[in-house]
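Student: One structure coming up, written as structure tokens, with questions to follow.
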Amino acid sequence: MEKVVIVAAKRTPIGKINGALKNFSSVELGTIVTKEAIKQAKINNDNVDQVIFGNVLQSGAGQNISRQIEINSGIPYSSTANTVNQVCGSGLKAVRNAQAAIAMGDANIVVAGGVESMSNAPFLNMNMRKGKKFGNVSLIDSIYNDALMDAFNKQPMGMTAENVAKKYNINREEQDKWAYESHMRALNAQKNDYLNEEIVPIEIKSRKGSFIFKDDETVRPDTNMEALGKLKPAFTKEGSVTAGNAASLNDGASALVLMSASEAEKRGIKPLAAIDDYAETGCDPDYMGYAPYDATKKLFTKMNISMDDIDLVELNEAFAAQVLAVAKNYNIDKNKLNISGGAISMGHPLGDSGARIIGTLIYNLKRTNKKNGLATICIGGGMGMAMKITLL
């Protein structure tokens with residue numbers, strides 16, 4: 001099968017829930033980055049054969065948001081689109097599906113990415129279809145029910161992080177230190193404009209006027225170990241996972257343009273990176289945060305490589321506990337791990353993050369003159385994904 005390359009990668013700045021991006025739907029966010037990625041790739045709208053976006057919280061968003069993004073971006077009706085939901089891995093799976101479509105000859109050029117508007121996720125009433133004759137009516141939060149509650153043990157995702165912390169001996173201080181480091185790295189990236197190439201500034205309009213939103217909203221320049229240490233455990237009284245060492249609730253979108261290496265050569269386009277290989281695996285849902293270890297192991301076995309062959313790693317920071325457990329047991333040098341910060345500081349728009357870490361990895365490799373990158377992510381329900389890329 002032919003080598004597939006990435007020729008463009010753009011994302012929105014990440015907004016906190018009910019923050020700067022609260023009035024943008026998932027479709028609107030996805031449309032913004034799709035248009036910008038196509039522009040960066042220097043192709044025409046009618047060159048795009050497919051659009052594939054990952055998205056988790058789909059209730060109330062309308063039919064097939066990828067198709068809505070596609071048409072709203074000016075891509076012809078003759079193109080096709082599909083939406084992926086593999087929880088936090090949705091964006092990365094969209095990229096993988098795009099790679100597969102191109103490699104199998106189903107498409108020449110695909111826009112792939114991820115998007116989430118947690119601000120616009122609805123509350124649900126599950127019984128009104130049958131009617132309600134008497135008594136109170138309860139609402140269900142779709143964020144919790146469809147994303148942040150384990151479908152098997154009915155506990156919040158944070159409890160799976162507690163399980164990982166306990167099993168792999170990751171203490172509270174270690175978690176808080178990593179959270180602090182994440183914020184400091186993200187702040188350094190913002191101050192030095194390291195993220196400018198990947199981020200699409202967005203004009204935010206309100207009654208009071210307008211402003212340009214260009215920096216991830218949840219990065220905290222004022223955070224410190226003392227403040228992090230004062231936070232109470234969020235999920236169990238004697239626990240170590242807090243709001244400070246876990247990712248927050250966010251809005252954001254990312255889009256990448258993929259094509260075959262021969263298509264890029266034919267068009268005179270210099271690719272950003274090549275996708276070398278991919279692996280995914282399952283694990284006990286109670287320890288879902290550790291799944292990137294298993295996915296990475298499977299990928300490395302498949303490729304006959306080791307962590308020594310990897311220059312930079314983007315490991316999605318759902319929780320500091322799981323990042324540290326994977327890093328410790330895979331002996332990942334922390335100097336090459338999430339060097340511009342991660343989801344604890346940047347934010348974690350669920351369907352977006354898998355695609356976001358690919359784009360961030362590309363630009364981090366470029367900035368540091370490195371070549372080999374690994375992107376990996378844990379997934380609610382007990383799964384993990386890993387993708388190896390090479391900067392071109």
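Using N, Cα and C of the backbone, Cβ positions are placed for all residues, glycine too.
Below are the features listed in TrEMBL for this protein:
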type	residues	note
ACT_SITE	C88	active site, acyl-thioester intermediate
ACT_SITE	H348	active site, proton acceptor
ACT_SITE	C378	active site, proton acceptor
DOMAIN	4-262	domain 'Thiolase N-terminal'
DOMAIN	270-389	domain 'Thiolase C-terminal'
Student: Under a three-state reading of DSSP, tell me whether C88 (active site, acyl-thioester intermediate) is helix, strand or coil.
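Tutor: In the DSSP reduction, C88 (active site, acyl-thioester intermediate) maps to strand.
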Student: Tally the residues of the domain 'Thiolase C-terminal' (270-389) by DSSP class, grouping H, G and I as helix, E and B as strand, and everything else as coil.
Tutor: 57 helix, 33 strand, 30 coil
Student: Between the Cα atoms of C88 (active site, acyl-thioester intermediate) and H348 (active site, proton acceptor), find the distance and write it as a whole number of Å.
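Tutor: Distance (Cα to Cα, whole Å): 9 Å.
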Student: Sort out the sequence-distant neighbours of C378 (active site, proton acceptor) for me: same chain, 6+ apart, CB within less than 8 Å of its CB, listed by position.
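Tutor: In sequence order, the residues whose Cβ lies under 8 Å from that of C378 (active site, proton acceptor) (at least 6 apart) are C88, M288, G289, Y290, A291, P292, N316, A318, Q322, G384.
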Student: Across all the protein chains here, work out how many other Cβ atoms are within 10 Å of the Cβ of the residue listed as 'active site, acyl-thioester intermediate'.
Tutor: 32
Student: What is the total of other Cβ atoms whose distance to the Cβ of H348 (active site, proton acceptor) is within 10 Å?
Tutor: 25
